[in-house]
Amino acid sequence: MKRIGLIAAVVVAVVAGATAVTLTVMPTKDAPAPRQPTPSAGPASPGAPPAIATSTGPFAAGPIAPPKRGSYLGAWVRPEHLTESGRLTAMTAWEKSVGRKMAIVNTYRRFDENFFNASDEQFAARGTTLMLSWAGGDTRLITMGRYDDLIRERARELKAFGRPVLLRYRWEMDRPNLRAQMWSGADYAAAWKHVRAIFTAEGATNASWVWCPTVEGFQGGYADEFYPGDDQVDWNCVDVYAGSRYDTIGTLMREFLQFCAQHPTKPVMIGEFGVARAWGTEQRATWLADASATFKANPQIRAVMYFESDPTDNKGPTQQFQVSDDPTVLGAFRTSLAQDPHYTPMTAAAAGKARKK
């Protein structure tokens, strides 16, 4: 993903008496500002979408099982007012605009931040599955045990929550600006195994673990260096954007889909996807329609999460992905994704049978 500090330190403050609760959304990329493209640079119309990741299971997905057919539809929706009530309001408005409830709500947490807050509880109470995108720490320090107490605390929080969740541990670990913290793919995989072993030891087994590099990492041939193994990963995932580069999502994801085809027992999630405002209304609408066609052509894809946000620190239209402020593009999202029966609601059976302890 070629975005500048895509999610920059969003702080959600909730005051209850004298208590403040914070929700911090971590940065996802530090990179030079891309040259602004022109809409004419993109293809006029996509061809037939590639059908590469065609496994239909059975899948080994952990507590969050994929739908038997089709795909879950979810989103991260950046609130206008950075409060927990603002988060709920933003998601409610988004769902009203697209005409359906999201099956999954994405949220972001620092490595040292508590997992759950009041808005998470409200989303869960209405039957929505949470995806926690949890930032990691220095992989070698994790493996050495420096953060074991912190990791145990997070594991106990997850167990106490009781409901099954998607846990996207240190997503986009392959970004160049994280190399100093990740050290290497082998170090990342070792840290992943260390963290998951602690969760298992604490009885926090109500999470499906989601492994999610960038699409650029697959294009560059280095994302799979970070793969912890089929016995460690429940869902394979990628973040993909038509930001500074306009191309069809099938073209952008080709190498990722080839990787997924080699792991046919793992369902696939698109953890973040979006098309930038830079490309204009017509091409954005076309891109979204083609994205849906690509998801359908690759039935291993069982969950897709739109990134409905214009992060305040990202300057320029190549870093702005909101569709709700463009009626035509929003209509394309609604028609191609939200109102298409391929995108099924989450069910209690799919979400597993975890109970509060």
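Cβ atoms are placed via backbone N, Cα and C, with glycine included.
Feature annotations, courtesy of TrEMBL:
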SIGNAL    1-20  signal peptide
DOMAIN    14-333  domain 'GH26'
REGION    28-60  region 'Disordered'
COMPBIAS  38-58  compositional bias 'Low complexity'
ACT_SITE  Glu172  active site, proton donor
ACT_SITE  Glu272  active site, nucleophile
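The number of other CB atoms found within 10 A of the CB of Glu272 (active site, nucleophile), across every protein chain shown, is 31.
On the 0 to 100 pLDDT scale, the domain 'GH26' (14-333) averages 90 in the predicted structure.
A separation of roughly 11 Å, to the nearest angstrom, links the Cα atoms of the residue listed as 'active site, proton donor' and the residue listed as 'active site, nucleophile'.
The Cβ of the residue listed as 'active site, proton donor' has 25 neighbouring Cβ atoms from other residues within 10 Å, across all protein chains displayed.
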